[in-house]
Amino acid sequence: MVSLAGSQILSPKQRPCAPRRPGHSMRTIRSALLHPDSPPGPSSRPRAAADEGDSDIENLTDSVIDFRLSELAATAGPAHPAAVAKSSSANAAATEMLELSRDFSDYSSFNSDISGELERLAAAAATPRSDAPDLAAVDLNDLESMDLSADAAPLDRVEPFVLACVQALGPDAAPDARRAAAARIRLLAKHRSDIRELVGVSGAIPALVPLLRSTDPVAQENAVTALLNLSLEELNRSAITAAGAIKPLVYALRTGTASAKQNAACALLSLSGIEENRATIGACGAIAPLVALLSAGSTRGKKDALTTLYRLCSARRNKERAVSAGAVVPLVHLIGERGTGTSEKAMVVLASLASIAEGRDAVVEAGGIPALVETIEDGPAREKEFAVVALLQLCSECSSNRALLVREGAIPPLVALSQSGSARAKHKS
């Protein structure tokens, strides 16, 4: 590395007078080398704070320069192909460091080795890797017939298609190309965990998020479903959240096709696996469109909405939002839809809402107690168990509800259930 020991420093009269670039003093240049994230130019810190750090900045040693060159060399070195799309930022960093070294050359006699090394590294960073996929040669139509099993499609074969899809999702791409790319990522992320992980680190997630607000319903549905499939990989959930997808997913839940709404509900359910996201999802307005899906959705849509509401209502504020959005009335109606799987889920959500006073009042007002008593009398064994749990929640802290339960004739079926039901049903009865 460079040493100052053998350097001959010329006097100011002997030194050639190089033009000084405005805003680049030696202190600025050295500070930029030490703190690459700070733009060159006059410091915005108060003078007193700047003076305290002068001694550290002035002690620019070979080890600091080594460290910066090592960082730049790491940028120029081999990278995972999924990161090739980010090479422009590496080139910009190399160019910035090169300009700094040239500024250095105006004022220092030991600059030549540094400048030459930086020149070499900048050129290396700008040179495409020989093993990088040739995206121009990738035909995305081949995905339609490709066998995506692990044996037939190892990751190194799939990777060029993933990167080509990400490229086609760019903001400058044609709408048709973006729609098709979202559909292909949806397909790629459908079955295999390792492909979902690969797509997650390729830059596809932030590229998909803007399509959630697309006026093209097909593009919106493809983006929603692609993000749903990607969210099945736990590592991707934080990335989807960080990309700002929650509010656009709520938008798709309100405005999308029937399939888009169902898949948006499932995607929000997946993201609610991160506990901190539950309050955020509720605050972004997800509760009201989920309640609407209870009334107007397909059987599958109703199940997805019920499961998502149950998860979100672990937060008290979301229970209040659900009651305010009118969730109780459709939930009571769903109790009567036996044999579809929605009845059990509806009673579970009702029991959750009945844990707050507003929820208990709403259930009673909507006729929930007679519906639950009828289920205990005539429903399948599993539904009886859920019904008695909901009734227990309604009556545990409300004496008036206990009186209503007695008037509805609940005592005989409860006694029968305590003798012949499952262990849990007996205990709750």
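Each Cβ is built from the backbone N, Cα and C atoms, and glycine gets one as well.
Where the annotation comes from TrEMBL, it is an automatic prediction and has not been curated.
According to TrEMBL, the compositional bias 'Polar residues' annotation covers 1-11.
Mean predicted confidence for the domain 'U-box' (177-428): the pLDDT average there is 91. The domain 'U-box' annotation in TrEMBL covers 177-428.
Among the features that TrEMBL reports, region 'Disordered' is placed at 1-56.
Residues 82, 85-86, 162, 165-166, 169-171, 175, 178-179, 182-183, 185-186, 189-190, 193, 196-197, 251-252, 255-257, 259-260, 263-264, 266-267, 270-271, 273-274, 277 of the same chain, all 6+ positions outside the repeat 'ARM' (203-245), place their C-beta atoms under 8 angstroms from a C-beta of that stretch. Feature annotation from TrEMBL assigns repeat 'ARM' to 203-245.
The residues of the repeat 'ARM' (203-245), classed with DSSP into helix (H, G, I), strand (E, B) and coil, number 34 helix, 0 strand, 9 coil.
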